[in-house]
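Structure first, commentary second.
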Amino acid sequence: MRMIKFLLLAILLAPFVAHSSGQEVKLDKAPIDRADKESLQRGAKGFVEYCLTCHGANFMRFNRHHDIGMSEDDIRADLIHTGQKTGDLMEAAMRKKEAEGWFGVVPPDLSVIARARGADWLYTYLRTFYQDTSTYSGWNNLIFDKVAMPHVLHHLQGWQVLEPGTGNLVQTKPGTMTKEEYDRFVADLVNYMVYLGEPHAPYRRELGITVLLFLFGMLGLTYLLKKEYWRDIH
């Protein structure tokens, strides 16, 4: 129930906390594959390294990563760097007062951000930051105008500027990754955030199929039983 309320609140507030830059931007299709556990593990590591400092994921516990093939030792080595236990919630390292002082607003919890925004929106958002000297952070975003969040991945992607007149992004300084490598990194990160929003989704689908098959089977048995009961009457 708590997750449902949070998701509804995020959806309702989205139009008030973000708006586009005045031009229509086509969202890129995110290559999501929830069955790819290696991608989910890479995404989990990237999330902890680059997102969990400011953003929390308070509906998720570290030990839930057993679902994506991570052992207890893997979780401790790759995901826990602050002395937390594997059964603890994934809380942001930065305190709320500090975050508000830095960004003017407390960074949102990312537990259900993929369900609120959509995978394609996140995939496009994380790849369309550009330098903008008119903003407080020095960064802006093609689909989230005047975003408070700085581009924390700029050293990976490189520096981009918005080309006047065309609305295209042009790279002015390369990062440590090629475009293909960065796109793959973001795809893994978004894939993980989709998993984060509903870790039990694969089990729910399997259970749903099993229940439907059971009901269809029961329907057939019920029909045969009905025919047997009414055989003498008909």
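Yeah, the Cβs are placed from backbone N, Cα and C, and that goes for glycine too.
Annotated signal peptide per Swiss-Prot: 1-20, in sequence order. Annotated domain 'Cytochrome c' per Swiss-Prot: 38-193, in sequence order. The heme c binding site annotation in Swiss-Prot covers C51, C54, H55. The transmembrane segment annotation in Swiss-Prot covers 206-226.
Swiss-Prot feature annotations superimposed on the structure.
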{"residue": "C51", "record": "heme c binding site", "contacts (Cβ under 8 Å, 6+ apart)": "L110, L189"}
{"residue": "C54", "record": "heme c binding site", "contacts (Cβ under 8 Å, 6+ apart)": "A92, A93, M94, A99, F103, P107"}
{"residue": "H55", "record": "heme c binding site", "contacts (Cβ under 8 Å, 6+ apart)": "A92, P107, P108, D109, L110"}
* **Any further residue of that chain within 8 Å (Cβ to the Cβ centroid of C51, C54, H55) of the recorded heme c site** => Y50, L52, T53, G56, A92, P107, L110
* To do: Express the predicted model's confidence over the domain 'Cytochrome c' (38-193) as a mean pLDDT, rounded to an integer.
  => 93
* Asked: Hey, does DSSP put C54 (heme c binding site) in a helix, a strand, or just coil?
  -> coil
